[in-house]
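TrEMBL lists 30-52 with the feature region 'Disordered'. TrEMBL lists GLU71, GLU103, HIS106, GLU201 with the feature Fe cation 1 binding site. The Fe cation 2 binding site annotation in TrEMBL covers GLU103, GLU155, GLU201, HIS204.
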Amino acid sequence: MSAIRTSISTTARHYRPSQTAVLCLPTAASRRRLSSTSTQEPTSSKKKLKPLTETQKEFLSSALRVNQAGELAATLIYTAQTPPLLSREPHLRPLMKHMYDQEAAHLSTFNTLIAKHRVRPTALYPLWSVLSTGLGWSTAMLGKEAAMACTEAVETEIGGHYNAQIRTLLEMVSEWEAEGYEVGQELKELISTLRRIRDEELEHLDHAVEHDAQKAQPHWLLTGVIRAGCRGAIWVSERV
Ligand SMILES: [Fe+2]
Ligand SMILES: [Fe+2]
């Protein structure tokens, strides 16, 4: 966790968004705007937008697809965990509701973004749904510590995943600014959204540790298996 925190701090320090930047993800409207602006020469008073390369478009599509799949999984994990967990630990109701509500808001955000930018959702939606529900239910049946270890493992991977996306986008922005291009408002907003969601995921990680995640037995095996599963699911969802 401390490594992630350090990395986040580094990213935040390096992020100096231009106040004049304007940026576009490839919606139909933005594509028209890009095609019209990309033929104009930059002037001293108004910089031009740089069209996204195919690689950048693929990165953004893949990022939105995997993020939506991950947030769906998170809502399903908490949905499955909550009844068995609260039957034995009713005092956890406010915490579970708080984390679920944030995950539902994250999912809503990415549902909106993939629809807006016409990104194909992962084809493995049904598989991730079954696995997430099974993971949530089974860890909650093992007890509070295992349920919290599940959150600890998932959020460790997801925090790092969002951090990597943010780093890539900031590098893209820096290159554009160095080349004298403007950065569209939509990309600036996406980076800001990812940073907020990443911080909320890491807040969940802190809650899990505070609620005895590391007392789960065997902690190393449980978190190791779940983290490996998360990495596999992320890798596949970026591509399929
Ligand atoms: Fe989330
Ligand atoms: Fe989360």
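Backbone N, Cα and C atoms are what each Cβ position is placed from, and that goes for glycine too.
Because TrEMBL annotations are produced automatically, they should be read as predictions rather than curated entries.
All features noted in TrEMBL, drawn onto the structure.
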residue : record                   : Cβ within 10 Å
GLU71   : Fe cation 1 binding site : 23
GLU103  : Fe cation 1 binding site : 24
HIS106  : Fe cation 1 binding site : 23
GLU155  : Fe cation 2 binding site : 27
GLU201  : Fe cation 1 binding site : 28
HIS204  : Fe cation 2 binding site : 23
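For the binding-site residues GLU71, GLU103, HIS106, GLU201, a Cα to Cα distance of within 10 angstroms from GLU155 (Fe cation 2 binding site) holds for GLU201. Taking Cα separation as the measure, HIS204 (Fe cation 2 binding site) is nearest to GLU103 of the binding-site residues GLU71, GLU103, HIS106. Residues from the binding-site residues list (GLU71, HIS106, GLU155, GLU201) with a C-beta closer than 6 Å to any atom of ligand 2: GLU155, GLU201. Only GLU103, of the binding-site residues GLU103, GLU155, HIS204, place a Cβ under 6 Å from an atom of ligand 1. Sitting within 8 Å of the Cβ centre of GLU103, GLU155, GLU201, HIS204, and not among those site residues for Fe cation 2, are the Cβ atoms of ALA74, MET99, GLN102, THR151, VAL154, ILE158, GLY159, GLU200, LEU202, GLU203, LEU205. Annotated Fe cation 1 site GLU71, GLU103, HIS106, GLU201; additional same-chain residues within 8 Å of its Cβ mean position, judged by their own Cβ, are GLY70, ALA74, THR75, GLN102, ALA105, LEU107, ILE158, ILE197, GLU200.
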